[in-house]
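What TrEMBL records for this protein:
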{"type": "ACT_SITE", "residues": "CYS169", "note": "active site, glycyl thioester intermediate"}
{"type": "BINDING", "residues": "19-24, ASP43, 51-54, LYS67, 112-117", "note": "ATP binding site"}
{"type": "BINDING", "residues": "CYS154, CYS157, CYS432, CYS435", "note": "Zn(2+) binding site"}
{"type": "COMPBIAS", "residues": "621-630", "note": "compositional bias 'Acidic residues'"}
{"type": "DOMAIN", "residues": "5-401", "note": "domain 'THIF-type NAD/FAD binding fold'"}
{"type": "DOMAIN", "residues": "330-367", "note": "domain 'Ubiquitin-activating enzyme SCCH'"}
{"type": "DOMAIN", "residues": "442-536", "note": "domain 'Ubiquitin/SUMO-activating enzyme ubiquitin-like'"}
{"type": "REGION", "residues": "607-648", "note": "region 'Disordered'"}
Amino acid sequence: MDSDSKTEAIKRAKVLMVGAGGIGCELLKTLALSGFQDIHIIDMDTIEVSNLNRQFLFRQSHVGQSKAKVARDVVLRFMPRICITPYHANVKDPEFNVDFFKKFNVILNGLDNLDARRHVNRLCLAAEVPLVESGTTGFLGQQVTVHIKGRTECYECQPKPTPKTYPVCTITSTPSKFVHCIVWAKDLLFAKLFGDRNQENDLFVHTGDGSDSVKPTDDIFERGLDEVPVQYGRKIYDHVFGYNIEVALANEETWKNRRRPRPIFLGDVLPEKLILQNGNLEKNCLTEDLSLSAMSSLGLNNPQEIWSLAENSRLFLEALRLFIERRGKDIGSLTFDKDDQLAIEFVTAAANIRASSFGIPLHSLFDAKGIAGNIVHAVATTNAIIAGLIVIEAIKVLEADFQNCRMTYCLEHPCQKMLLMPVEPFEANKSCYVCSETPLLLEVNTQTSTLRDFVDKIVKNKLGMSFPLIMQGAILIFEGGDDLEEDIAANYALNLDKVVVLTALPAPVTSGSMLTVEDLQQELSCHINIKHREEFDEEKEPDRMVLLGWTTPEKESQGVSNGENTAAAIPASPEAINKSEEVEVTAEISRTKRKLSEMTEVQEIFQILPDTDANNSMDPQEVEDNDYDNDLIVLDENPEASKKRRLQ
């Protein structure tokens with residue numbers, strides 16, 4: 001296509017952007033300056049102060065406003081003649097259905113979570129509209145391949161890694177990493193003090209000999225009517241950091257091969273005068289953006305500084321006091337939010353005190369926030385590079401130049417003198433249940449599992465369906481949705497809430513049954529074969545359900561430079577990778593030979609770039625990824641360490 005034709009194709013194109021955060025801001029700017037005339041943006045988020053260091057379309061005055069609408073207004077100031085249509089809404093809302101997606105020539109994703117990515121992927125497949133995916137993590141970036149139905153793999157052809165989980169006994173009794181302390185502070189202590197106190201929550205230390213955890217007769221977390229915040233704070237502190245540790249130490253067997261923890265009582269850390277003074281002085285407890293802050297109250301101004309045990313103890317008491325005195329009406333319904341300043345201060349202090357007890361290095365609030373929110377802090381330059389690559393691929397799609405579409409990795413350090421590593425898109429995975437309609441296999445105890453278990457853990461969590469319809473043969477077992485008649489919805493809800501095993505349903509589900517699960521909004525249907533299984537590993541298979549049949553295919557990938565082709569195929573199968581140190585593959589990049597290990601190293605780094613699947617179960621404990629920053633993709637490990645892993 002010549003230059004004039006390309007320009008005309010860009011001007012005629014109707015483009016949908018999903019996400020107006022870190023990547024989205026750069027992407028909208030680049031689309032506008034590249035000549036695109038009709039751009040639509042969907043984003044449900046509002047602008048926060050933490051966005052301003054990298055989302056350059058936003059300013060302090062925009063805080064609290066719609067990202068999509070502000071992004072439109074700002075871009076129109078320097079490109080006033082183009083048409084930008086913003087939607088301050090959730091892309092999963094019913095109005096954004098298959099017919100809506102069919103209006104566009106290409107969809108460009110700048111999303112922050114797995115659930116929304118899967119939803120958009122399925123709508124694009126149903127509408128047969130090309131999708132360009134993207135993600136960044138710190139200095140690393142991946143402009144994922146253009147997903148075109150029938151030509152390349154879809155977003156879900158590769159199973160996404162599950163989040164790292166930890167057994168509850170490790171969290172409550174034998175932490176060895178700082179992340180264990182964060183999970184304890186966030187999911188157990190914070191939830192117990194400020195969330196629903198009736199929820200299942202094991203904050204008490206296990207004895208280590210298989211018996212039940214030790215619990216006091218009185219509810220230590222119940223605050224007395226005449227109990228002032230400083231007294232209550234001291235009681236909580238001494239119990240969770242002192243008494244609980246003493247109970248753990250009583251079992252000598254547990255500590256034979258482990259470092260013994262040290263009980264910490266408040267009186268051993270802070271003098272009595274400072275304890276009483278800490279929660280009673282009138283201080284400025286607001287940050288510059290008017291957020292309630294224990295740091296400001298105590299004069300701790302540097303979030304990247306590692307505070308001492310005494311400073312963390314003061315922060316713990318002050319944060320607890322501010323919650324009681326300033327946010328008392330919220331106690332009982334709070335959930336942890338990494339962007340809640342007071343919440344992250346409390347969790348950081350609690351995690352550091354616990355870490356000190358177990359001999360684990362302390363961390364700054366800056367680092368603790370990254371761990372608690374499961375985020376890698378963003379780099380604006382990476383977002384800009386990835387946005388440019390997205391637009392390049394979008395133009396190829398508009399030209400129907402599919403053979404030159406590339407999946408491009410952005411590296412932190414040069415590999416063979418290259419920071420951008422393009423590879424050819426992969427073919428569709430024949431075992432993908434989304435784009436290839438391959439049946440899945442579910443191993444489940446049909447005599448103890450309920451319909452709710454199946455709907456919540458498999459259909460919604462694993463398969464990502466929002467409004468599922470479940471059938472066995474011609475019999476409808478369950479239907480979800482907002483448009484159901486009240487009596488029908490009540491009947492389905494009754495079946496869910498009853499302790500009804502699968503074999504006792506109106507159409508019994510037994511070993512050998514095949515269920516059809518559909519989502520009418522996503523226009524997705526898949527078949528699940530049921531296999532009865534009696535025993536499950538409680539630690540490795542806490543759901544007591546195992547979904548099988550969704551496997552990673554063996555692939556062949558070609559390393560190419562921008563715009564170049566090569567005949568040298570690079571196998572990515574495990575067998576080839578095991579021999580990668582000995583095998584060399586010729587690639588026409590800078591006229592050099594690239595070892596297969598170098599190429600697979602790049603693939604390994606980005607194998608985990610797409611968001612991980614969140615699971616909110618408390619046993620085993622997880623570091624959740626349900627609240628990403630807009631342009632961040634989670635890494636469970638240090639990126640440098642992940643380079644050494646082999647593809648599984």
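Glycine residues also receive a Cβ, built from the backbone N, Cα and C atoms like all the rest.
Just so it is clear, the model here is predicted, and its values are computed rather than measured.
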Taking Cα atoms as reference points, rank the recorded positions CYS154, CYS157, CYS169, CYS432, CYS435 by distance from ASP43 (ATP binding site) and give the first.
CYS154
What does DSSP give as the helix, strand and coil breakdown of the domain 'Ubiquitin/SUMO-activating enzyme ubiquitin-like' (442-536)?
27 helix, 30 strand, 38 coil
Going by Cα-Cα distance, pick out whichever of the recorded positions GLY22, ASN53, ASP112, ASP115, CYS169 is nearest to CYS432 (Zn(2+) binding site).
ASP115
Centre the Cβ atoms of CYS154, CYS157, CYS432, CYS435, go out 8 Å, and tell me which other residues of that chain have a Cβ in range of the Zn(2+) site.
LEU125, GLU153, TYR155, GLU156, ALA428, ASN429, VAL434, SER436
For the recorded positions CYS169, CYS435, which one has the sparsest Cβ surroundings, going by other Cβ atoms within 10 Å?
CYS169
Students should find that the Cα atoms of ASN53 (ATP binding site) and CYS154 (Zn(2+) binding site) sit apart, in Å rounded to an integer, by 33
Just counting, how many other CB atoms are there within 10 A of the CB of CYS432 (Zn(2+) binding site)?
22
Going by C-alpha positions, which of the recorded positions (GLY19, GLY22, ASP112, ASP115, CYS169) is nearest CYS157 (Zn(2+) binding site)?
ASP115
Between ASP112 (ATP binding site) and CYS154 (Zn(2+) binding site), what C-alpha distance do you get in Å?
18
For the C-alpha pair, I'd like the distance in angstrom between GLY22 (ATP binding site) and CYS169 (active site, glycyl thioester intermediate), rounded off.
38
Could you round the CA separation between GLY19 (ATP binding site) and CYS154 (Zn(2+) binding site) to a whole angstrom and send it over?
19
